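Asks: Dropping a structure here in structure tokens format, bear with me for questions.
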Amino acid sequence: MSRLIGYWGRLCALFIISIMLMLIGFILLKGAPTLSLQLFFGDTAPLAAMMGQQPVWEGIWPACVGTLTVVLCAVSLASVPGIASGIWLASAPDKPAQKVFGLAVDILAGIPSILMGLFGFSLILLLRGSFFPQANASLLLASFCLALLILPYIACATLNALSSLPKQLSVTGAALGMTQWQVTYRLLLPQASSGIMSGLMLAIGRAAEDTAVIMLTGAVANAGLPGGLLQRFEALPFTIFYYSAQYQSQQELNMAFGAALVLLTLTSIIFTLLAAIVRRRNCNIFGSAKSLKKESIC
């Protein structure tokens, strides 16, 4: 029976890997021929476009910058409350308040992105009709809604990472006279950093690929480089949606495939950098632990 389960697991893993390779191969096949300076900058000089001296009308350079900006803002807004929520949930998971809050986090994680986008759009209408008549779709609003969307990923990853640690760490820290905050900050969080970084990677991927939220809260076509937090912006997911849904020629459809390949490359680079940071962090932790063990033996 166990051998049959093992064969079934390998078959499922092979199927998932095959589907992933087929999707990546299809995007490479369609998007790779379009990669050029023309795809990024159109007819604008690359240096002038990167410096913001001239607008880019038929290129995806503003969408690349807008995607990185909105993802950075969203993760910055969600990381601190997400990690803090996970720490609070892990501190006393059996208390009624923690149970209610954990249920709220689970419900928030299951909300479709289109509902989050409608929430942001309704927030604009509410602000316009009350104390901020100049409220409009912007980079800040899109980042805020994306932060709400990815916050449960960070909170759940932090909770799972802290819950998987041995209880002896907390007991040892308390026995040494450390406060609860010192135990959490000095002992638990460094040991759980790998799991927390994995949650951040999932959050970045979720924020980078979402279209519904930014489409209703700030992303538009031909907005140019982000001019500020209260300005509209371009983003690669919206660019892919715009060109693939309303293309007038094969060239515009090819631009959508090229933008998809660029988005896949950007997220892969970010994931690789974060994985390298996690790997280096683990090497430092385990290396220091081994050195302490050798010193204690000597």
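From the backbone N, Cα and C atoms, a Cβ is placed for every residue, glycine too.
Automated prediction, rather than curation, is the source of TrEMBL annotations.
Annotated domain 'ABC transmembrane type-1' per TrEMBL: 64-274, in sequence order. Among the features that TrEMBL reports, transmembrane segment is placed at 7-29, 35-52, 64-89, 101-127, 139-163, 183-205, 212-233, 253-278.
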Asks: With an 8 Å cut-off on Cβ pairs and a sequence gap of 6 or more, do the transmembrane segment (35-52) and the transmembrane segment (253-278) reach 3 or more such pairs?
Replies: yes
Asks: Test of understanding: applying the rule of at least three C-beta pairs under 8 Å (pairs 6 or more apart in sequence), is the transmembrane segment (139-163) touching the transmembrane segment (212-233)?
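Replies: They are in contact.
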Asks: Among 7-29, 101-127, 183-205, 253-278, point out the range having the most Cβ pairs under 8 angstroms from the transmembrane segment (139-163).
Replies: 183-205
Asks: Counting Cβ pairs under 8 Å to the transmembrane segment (183-205), which of 7-29, 101-127, 253-278 comes out on top?
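Replies: Result: 253-278.
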